[in-house]
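What TrEMBL records for this protein:
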BINDING   Gly85, Gly87, Arg88, Lys108, Asp120, Gly121, Arg171, Arg178, Asp253  ATP binding site
ACT_SITE  Asp243  active site, proton acceptor
BINDING   Asn244, Asp253  Mg(2+) binding site
Amino acid sequence: MIHFDNSYARLPEGFFTRTAPTPVRDPALIALNLPLASRLGLDADWLAGPEGLQMLSGNVLPQGAEPIAQAYAGHQFGGFSPQLGDGRAVLLGEIVAPDGARFDIQLKGAGPTPFSRRGDGRAWLGPVLREYLVSEFMAAFGVPTTRALAAVTTGETVIRETVLPGAVLTRIAASHIRVGTFEFYAARGDRERLRLLAEHVIARHYPDASGAADLLQRVVEAQAYTISCWMGLGFIHGVMNTDNMSVSGETIDYGPCAFIDGYQPDKVFSSIDAQGRYAWNEQPRIAVWNLAQLASCLVPLMGNDDEAVTEATRIVHSFPELYQREWLRRFGAKLGIAATRPDDRELVERLLNLMAAERADFTTTFAALGDGTARDQFVDRAAFDAWAADWQARIAPLSDAPEVMARANPRRIPRNHRIEQAIAAARDEGDFTLFHRLDAALRDPFADRPEWEDLSRPPEPDEIVQRTFCGT
Ligand code: AMP
Ligand code: MG
């Protein structure tokens, strides 16, 4: 029994289309996220049982669900698409957790909706497993993110370049409202729905915000924090289109996302990002670009005059300073410095430059700082030693430095090659052993555990993942 309270479905006509998930032939549970079920106040035994499986696969609607597909638009690689929307996801409804927080329960891969255009509305197993592992790692690390409550196989195939096993992910989010949701109404000049949407988002995510300008400021702050988290992990989202940027600040839509192994600031993995628009080091700039689109949508609600434009511009341009502050806090902590000074930026940047020159492994190098073995990551030991002398001098008086570093530098991240291996084993052999091992290991990214040592290691040359795919 789930107690739904579907505030988005209570919005007037024009925000969504009522549409039910399409049943699947033979659902089977891959994974159920028990800690998340408990955090949400859901009955884990029920979810793990036959009725739960029917819900998680879209075969049976639980009582109180009001399934909808949400409308949104979005700038994709800079070009505007006025009509996107949930084409392969159905929102079952919202629940309120025991602590009062409200969450969407969405089935991703639940079949066609009126927004599917030429797509089949389905997902194949690969992206479902990837999103499950990466989003749960992000949550374990404290990065704002949507979450994965469950993954099921459908017993059906989907056709992409080849025939692949189908799957459904149950995604949990503070909401699925995107920058592109605002763009949908702004592009149509629908000021009334724009106003209702802003009101809904304020009530839901920023209840003490006092109007559209304040809302914009909060989203800018939330995104500055989230992007700084990504940068500190070497995370590349891969498709930072405005329809893939949540107004709650949660990381959303894990498509061709990947983590940097050997440090290369302009790294790109996505097969569809030929220009490197969404490269690792472009992400803060792209966030500003996306937030500028949100600002344009909100100007009509801010008075719609020159003054509103000036105000919106000022708010968007507050991003760099907020972001730089979070960046320094995060990278300072990676060096063991809890209370940073402005000149610590140079210390961080010098290390990053050394790492870039040798493509040192991002995760291993930072973890090795705390172990005292970082020197081994470099060929040019003299250059590292010169930096390390200054670093040691800086942290010598800081008694909490080892502890600060240990909490800032994960030993394990979702390594691209391990994710690919887990997906290949599940796809080709129906073997989920590596998936479950990764899931367990990534929920505990800090502990130094010998049985997970292989999951910490960078890829061997023949294991390196060069390209990732959007993988719908
Ligand atoms: P994404 O690449 O996930 O940001 O998706 C962009 C748009 O394409 C969204 O409107 C999706 O709902 C839609 N889409 C992606 N894959 C599918 C699919 N298999 N079937 C229908 N629509 C899809
Ligand atoms: Mg998307």
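Just so you know, glycine gets a Cβ as well, placed from its N, Cα and C.
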Checking proximity to ligand 2 here: which binding-site residues out of Gly85, Arg88, Asp120, Arg171 have their Cβ closer than 6 Å to it?
none
Give me the Cα-Cα distance between Arg171 (ATP binding site) and Asp243 (active site, proton acceptor), rounded to a whole Å.
16
How many whole Å apart are the CA atoms of Gly85 (ATP binding site) and the residue listed as 'active site, proton acceptor'?
9
Tell me the Cα distance separating the residue listed as 'active site, proton acceptor' from Arg88 (ATP binding site), rounded to the nearest angstrom.
14
Who sits close to Asp243 (active site, proton acceptor): which same-chain residues at least 6 apart have their Cβ under 8 Å from its Cβ?
Tyr72, Ala73, Gly74, His75, Gln76, Ser81, Leu84, Arg178, Val179, Gly180, Asp253
On a count of neighbouring CB atoms within 10 A, which of the binding-site residues Arg88, Arg171 is highest?
Arg171
Determine the Cβ neighbour count for Asp120 (ATP binding site): the number of other Cβ atoms within 10 Å of its Cβ.
17
Give me the Cα-Cα distance between Asn244 (Mg(2+) binding site) and Asp120 (ATP binding site), rounded to a whole Å.
20
Around Asp253 (ATP binding site), how many other CB atoms lie within 10 A of its CB?
23
Per DSSP, to which secondary structure element type does Arg171 (ATP binding site) belong, with helix, strand and coil as the options?
strand
For the ATP site made of Gly85, Gly87, Arg88, Lys108, Asp120, Gly121, Arg171, Arg178, Asp253, how many Å separate the two farthest Cα atoms?
22
Relative to the Cβ position of Asn244 (Mg(2+) binding site), how many further Cβ atoms are located within 10 Å?
22
